[in-house]
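See below for the structure under consideration.
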Amino acid sequence: MINVSSSTSSLSDDELITVTVSGVSRPSNGDWVAMISPSNSNVNTCLQSELYYVQTGDIAKLPLLCHYPVKAQLMSNDPNYLSCKNQTCSGSIKFHVINIRTDIEFVFFTGGFLTPCLVGRSTPLTFSNPKKPLYGHISSTDSTSTSMRLTWVSGDDQPQQVQYANGKSATSVVTSFSPDDMCSSALLPSPAKDFGWHDPGYIHSAVMTGLSPSSTFNYRYGSDSVGWSEQIKFSTPPARGSDELRFITYGDMGKTPLDDSQEHYIQPGALSVITAIGDEVKSGNVDSVFHIGDISYATGFLAEWDFFLSLINPVASRVSYMTAIGNHERDYVNSGSVYATPDSGGECGVAYETYFPMPTSAKDKPWYSIEQATVHFTVISTEHDWSQNSEQYAWMKNDMASINRQKTPWLVFMGHRPMYTSDHSSADKNFVAAVEPLLLANKVDLALFGHVHNYERTCSVYQNQCKAMPKKDSKGVDTYDHGNYSAPLYVVVGNAGFRLDQFPSTVHNWSLIRISEFGYLRGHATRNDLSLELVTADTKEVKDSFHITK
């Protein structure tokens, strides 16, 4: 028998529930419970399911059911379960559940993850309001900071509203996606098409206009028919030309479960990193956030987007949350991506661009630029064609050449896959050969990348040669003199959640600082100084600091 204890008769939007399995005659290490959604998901054993996991890069031993269970948890997580000596035994485990709109069910198996044998299942559980508007996040639409986009998720297909700034309102545009929008392969079907599919509901997006930059206001979103979010206080970033900007950047975050479940592609550092950033946002010291690729690691297991959006909500609902696309959002065989890998699990950028609409020119052209205060951010897609005859290359060239460096002195270049990393297999020589000369020609100050799951900072480097070394200032902090510009410096900041990569024993002389700890990069730009600090998530200690001067 399986009993589920919830605080109410139906599920709330976010709660920790207890699942109790009773009447077990022989407790075993191989006993486990799956959380499935919707409740009619196919829970038969499918040995080929391991290939679905592995194609995305996840080689963990996970449940081989015919449809991906949103969560799976061993009964041995209850310390009293295996030690029971009674004729019949029971055990209780806790699951963190958020509103994913479709009903859920808990299914008890023996035989472990690899040879599951169904024993019993709970009655289906529904959410009290499956149409509830949730997971709102903000992004900039242009460099004036007078209009901002709010995007949220609901089970309601009718337009809703955002009410903001004491009496203003805007109506949402509603969109969604289906299995037909996902990619697949003749050799191996993708998780997104079938095995990992979960109905995303409806994604609402509305632009709030008539705002003032560098100011705070309240907003809420929803409708009278399906309910409203809480009132949320949000700060607009400074407009281009302002004197000061405080920003945070990182890559490769994903999500960490808030229970003891085993899930597809767990990123162990994500919770500590987003919690630390949330504290910074609460303190009022963050104007904007840039997440440069490998966003949720859902990779075709669509319910995981909801868990990621829930995780970042305390940050992304309060400051501008800008993103770049990574391999785990876009790449798939015969999809038009540069790299013919199955890393996106068949999502092919569709889910990413729907959940995170950036100020791009068109769908599947996920590159853009934005200016905030003294910084011009050029954000590219390393997964789309960047060769010299490509549309993206022409855009990069024109974008960086058009900057008025008198008004916007700093140029920061962002993308997912790095140009310089001690993990040499992660640097594409063709990408470097095509794009690096553009960075030098346009005097890029700082190039930020993810993909490799650690932190690494270079000298001022071009074509694998140090063109200049930073000097220590009066406080002993490395200082790059770009009043006497020689070349960009490069930083890999892919240490925001995914399990960390260690460094090789021998490294190139352009690599100055190497740190393998979870954290994020904190930036502070004025007109004459661009200062950056690597903050470790657990202790909030600054492990590396440097600045660039004009």
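Glycine is no exception: its Cβ is also placed from the backbone N, Cα and C atoms.
Now, the feature entries from TrEMBL:
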- 9-129: domain 'Purple acid phosphatase Fn3-like' (DOMAIN)
- 135-236: domain 'Purple acid phosphatase N-terminal' (DOMAIN)
- 246-455: domain 'Calcineurin-like phosphoesterase' (DOMAIN)
- 487-545: domain 'Purple acid phosphatase C-terminal' (DOMAIN)
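Pairs of Cβ atoms less than 8 Å apart link the domain 'Purple acid phosphatase Fn3-like' (9-129) most often to 246-455, out of 135-236, 246-455, 487-545.
Break the domain 'Purple acid phosphatase C-terminal' (487-545) down by DSSP state and the numbers are 0 helix, 29 strand, 30 coil. In the predicted model, the domain 'Purple acid phosphatase N-terminal' (135-236) has a mean pLDDT of 97.
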